[in-house]
C-alpha cells in the first residue's frame, strides 16, 4: 500500500474518502507539514495503490497501515473515517482520532436518523457498471453540494480523481459495501482515547447532527462544525480544519498512545 510521508513533527495519518486518493489532502499538507510528519495513505485500488491487492476491509487495511507507520494520531475523511475509527478502537499505538465528515454509521436506521438512506449507496453501486465516469461525477457533486466554495472544490476533486489514475471498480464496490453495512457505534463508549469530530455545516452526506451524536457517544469526544463547509471542508476551509487539528494534537498528553 502506498503511503507518502512528508513534513516533520508529531505523526499524523491521513486517510481519504471514497474514490479519491491521498493527494486530496494537499491543502492540509501545505498548512501542516511544518508541524507534523504526515502519512498520506492511498487506499487499495486507489491512486498509487491501484494495483494493491489488500482487501478493502477494515482489519486488513488498518493492520497494513499500522505496520507501515509509527504511533500516531489517525485522521479519516468520509469513508476513511471508518478505517481511522477501527484503528483507534483496536490499536494502542493510535494516539488520538480525528474524523472529518465521517461517522461510525453512514446509513439511516431507527436509532440513527441523521444519515442517508441505504438506497443512496445501493444506487451508486448499480450505476458504476453502466456509467463509471458519470457515477463518479455525481458523487463528487454530492461531496461539494452546499459548500460556499462548491465550484472550486469540485474542480479540485475532479483533478484529484484522475491525477494518479482512476480507482478500480472493485475497490469502489468494496467501499460502497463498507459505507452501507458498517456500524462502529459500539466502539465509541470504550474508545479510551481523545477524538475530534469535524463536520461541514452544509454537508449533504454526513450531517453535523450525526457528527455531534457520535462525539457525544465517545468519552471526551469534541465536535466542531465548520460554517458554510460541505462534505470536504478541508478544501474550502483548510485554515480552520488545519487549526482544529493542530489544537487537538497539541492537547494530547504523552500518555495518549503506545508502542
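Along the chain as shown, residues are numbered 1 onward.
For all residues, glycine too, the Cβ spot is worked out from N, Cα and C.
Substrate binding, as stated in Swiss-Prot, involves 78, 79, 139, 140, 141, 142, 143, 231; the candidate among 18, 197 given for that site is 18. Cβ neighbour density within 10 Å is lowest for 142 among the binding-site residues 79, 140, 142. The two recorded residues, residue 142 (substrate binding site) and residue 78 (active site, nucleophile), have Cα atoms 12 Å apart. Cβ neighbour count for residue 231 (active site): 28 (other Cβ atoms within 10 Å of its Cβ, all protein chains included).
Within its own chain, residue 78 (active site, nucleophile) has 16, 17, 18, 100, 101, 102, 143, 205, 206, 231, 232 as residues 6 or more apart in sequence whose C-beta sits under 8 angstroms from its own.
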